[in-house]
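> Have a look at the structure that comes next, please.
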Amino acid sequence: MKKINKIVLAVGGTGGHIIPALAARETFIHEDIEVLLLGKGLAHFLGDDSEIAYCDIPSGSPFSLRVNRMFSGAKQLYKGYVAALQKIRDFTPDLAIGFGSYHSLPAMLASIRSRIPLFLHEQNIVPGKVNKLFSRFAKGVGMSFAAAGEHFHCRAEEVFLPIRKLSEQIVFPGASPVICVVGGSQGAKILNDVVPKALARIRESYSNLYVHHIVGPKGDLQAVSQVYQDAGINHTVTAFDHNMLGVLQASDLVISRSGATMLNELLWVQVPAILIPYPGAYGHQEVNAKFFTHTVGGGTMILQKYLTEESLSKQVLLALDPATSENRRKAMLSAQQKKSFKSLYQFICESL
């Protein structure tokens, strides 16, 4: 097999796509492979990180049912395609890997046009439109969950999704239990509104309760913090946390959306969770949550339309019961031990 020297990662959009791509990038860098990220929205997520080679290119969704949006999306998509084509010609990669979402479309199209081998990585159990469509042109798909395989038109195999690095161990002295609240990389207003009030209801049952609440970039830190302060709950409220793995390891319970990255990290550290799936995006988060709660047994799910202070506080009290928590941790450990530990890099080498 020809040595792989350069790889393009076609990625963009939210953390659910970008975080797995960055984790995969680390494994490729370890193999002395040069990596370039191409996609829309990278500058917003990566900022001035000089260690990561990336190019933010335009893109648009061609899937809108509104004609004006469809044409606008197609126009942006073409601009991005032209830009990606030039970047790929300059970079001369040996292969490209798409991580889903329309933000990655220009780079994936340019890779196919340049006759570069294309691979895909699918984070969710129900793939999005882009990965399902492009699997017809791909050499293989590495999946975080084996159940996604039935949706693809090429070789598909479960691979180990790299976990974000642990920056440092986190300890909350004297705190018990510790609850982590996170609404994904973009935050979730309903979690910011409902969760603090729900946890205020259980304050009398847990005098040493500590809450680490990640509100997202648009969240109102002051308003969320005020609810905890009024309830006498020790807490930290932040817009983002770069040591997510450390926070999860220090937690007794997580209240979160059910994106694929979060589920993989929860399984890795075996921390039970209450999941409130995002109701849009073709329902993939609900499928993720059902897998985690029903198949794995790692927690419980509350659909957003049923999320109230009362419904959540009841589930939190149940989740913090020692026997319930221990059973859920054991179930997660069992599920994690059954998962594949073949890396995406190994899968690609076998498929070339």
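The backbone N, Cα and C atoms fix where each Cβ goes, and this holds for glycine too.
Pulled these from Swiss-Prot:
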- T14, G15, G16, N124, R164, S185, Q285: UDP-N-acetyl-alpha-D-glucosamine binding site (BINDING)
> Fewest other C-beta atoms within 10 angstroms of its own C-beta: which of the binding-site residues G15, G16 fits that?
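G15, out of the binding-site residues G15, G16, has the fewest neighbouring Cβ atoms within 10 Å.
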> Within 10 Å of each Cβ, count the other Cβ atoms, then let me know which of the binding-site residues T14, N124, Q285 comes out lowest.
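Candidates: the binding-site residues T14, N124, Q285. Fewest Cβ atoms within 10 Å: T14.
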> Show which residues of the chain containing R164 (UDP-N-acetyl-alpha-D-glucosamine binding site), separated from it by at least 6 in sequence, have their CB under 8 Å from its CB.
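Set apart from R164 (UDP-N-acetyl-alpha-D-glucosamine binding site) by at least 6 residues yet with Cβ under 8 Å, we have I19, L22, A23, M244, L245, E265.
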> Check the DSSP secondary structure of T14 (UDP-N-acetyl-alpha-D-glucosamine binding site), expressed as helix, strand or coil.
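It is coil.
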> Helix, strand or coil by DSSP: which one applies to Q285 (UDP-N-acetyl-alpha-D-glucosamine binding site)?
helix
